Amino acid sequence: MLTKLFINLCILITFISISNNFFINKNLSKNPPISLKILIGIYAGLLGILLILFNISITSPVITNFSFFPILLCALYEGFLSSIVASLLISTFHIIYFGTSNASTTAALISLLIGIGFSIINSARISIKRKWIYCTIYLLILNYTSIFIFVKDPIDIFKTFITYSIITLIMLYFIFKLIEYLSKSFKLYKKLKSEASIDFLTGLNNVRQFNHMFTIASQQAIRNKEYMSLLFLDIDHFKKINDTFGHSAGDIVLRDLAVILNRSCRVYDIVSRNGGEEFSILLLNCSANRALEVAERIRETIENNNFYISDKTFINITISIGISTYPNITNNIDKLLEHADIALYEAKGTGRNKTILYNSTRYLANVE
């Protein structure tokens, strides 16, 4: 019995670990399509069938298996449809594999009742821990009933009760702790992944994500022969804001500015905080003239906006913007960053609060 118990545990751990890795890599939504729910139900049903093949003999003639685990996990983490699909597959296999006997029919019926009951419990607005507890109680009641039906000797009933209860509770507790650990690991993974690409203060892309998205956007622009404009923005005299009003006020300004930038762009444009008071906007399929219009609109919006650093205190800021556009301004897309930076430097060096579109002829003349 211990050998088969160990085999069942290994099968469950393997399947759960594979499933967890799949969900992390695919980054599935909370409401997957019906087709995916059915596939998950089939996957769980096959796991249940495998567990049936490694059933455990408790007392003669009582045997048990852990095919309820896939149904339980589907019900609690994937929903009603996946749970029912899994329970139907497992119930059908009971009849086909063991034949049409009272025992196999009862086992098939219990599998269906487990799928329905677990799904109903999952619909309750209670914690996941309580759902596990109620599902455990419901499972034990169903199986205790079947034991009463097929075991007549009181001593055998008692032995079966004790053995089945101990095995089932140990397995349930172990799998619950495994799921809890994997769930925490998954949340930590998502948090770390988000922190690796999102600026913690503004919620915009950070410089790492900007570089990644810039590479993708550049390849797309070259492949599709599209325009791509880059705006570099810098808050004028930002250090003075921090020195005068404190860093908390500076943080408020940065957050509010990020909101304005997001609202001023299209949903598919790429807005990033590249560091400190420096921001960037990648305008996809946007010509130089259009980029200049967008930049001026943003600059004027920020200039006229009141940035409230407390309930009654607000400050006004200005920004300088440098623009470079591929391919009509900058032929080499790899130079887009450099040229936008040159334009920004010129905007800051010639009075600030202005937008400068990179001009290679003017820049070369200045160098000479």
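From the backbone N, Cα and C atoms, a Cβ is placed for every residue, glycine too.
Because TrEMBL annotations are produced automatically, they should be read as predictions rather than curated entries.
Taken from TrEMBL, the feature domain 'GGDEF' covers 226-360.
Sequence-distant contacts of the transmembrane segment (5-24) (same chain, six or more residues past either end, CB-CB distance under 8 Å): 43, 47, 50-51, 54, 56, 65-66, 69-70, 73, 167, 171, 174-175, 178-179, 182, 186, 189. For 5-24 (among others), the entry in TrEMBL reads transmembrane segment.
Under the heading transmembrane segment, TrEMBL lists 36-56 (among others). If one looks beyond the transmembrane segment (36-56) by at least 6 residues along the same chain, the residues whose Cβ comes under 8 Å of a Cβ in the stretch are 1, 4-5, 7-8, 11-12, 15, 19, 28, 63-71, 73-74, 78-79, 81-90, 93-94, 97, 111, 167.
Sequence-distant contacts of the transmembrane segment (68-97) (same chain, at least 6 residues past either end, Cβ-Cβ under 8 Å): 12, 15-16, 34, 37-38, 40-42, 44-49, 51-52, 104-105, 107-109, 111-112, 114-116, 118-119, 121-123, 128, 131-132, 135, 139, 171, 175, 179. Annotation source TrEMBL lists transmembrane segment at 68-97 (among others).
Residues or ranges marked as transmembrane segment in TrEMBL: 103-121 (among others).
Residues annotated as transmembrane segment in TrEMBL: 133-151 (among others).
Counting same-chain residues at least six beyond the ends of the transmembrane segment (157-176), those with a Cβ under 8 angstroms from any Cβ of the stretch are 5, 8-9, 12, 16, 56, 58-59, 62, 64, 66, 69, 132, 136, 139-140, 143-144, 147-148, 151. Sequence annotations record features per position, and here TrEMBL assigns transmembrane segment to 157-176 (among others).
Remote same-chain partners of the transmembrane segment (133-151), defined as residues 6 or more beyond its termini with a Cβ less than 8 Å from a stretch Cβ, comprise 59, 61-62, 64, 68, 72, 75-76, 102-103, 106-107, 110, 113-114, 117-118, 121, 124, 126, 157, 160-161, 164-165, 168-169, 172.
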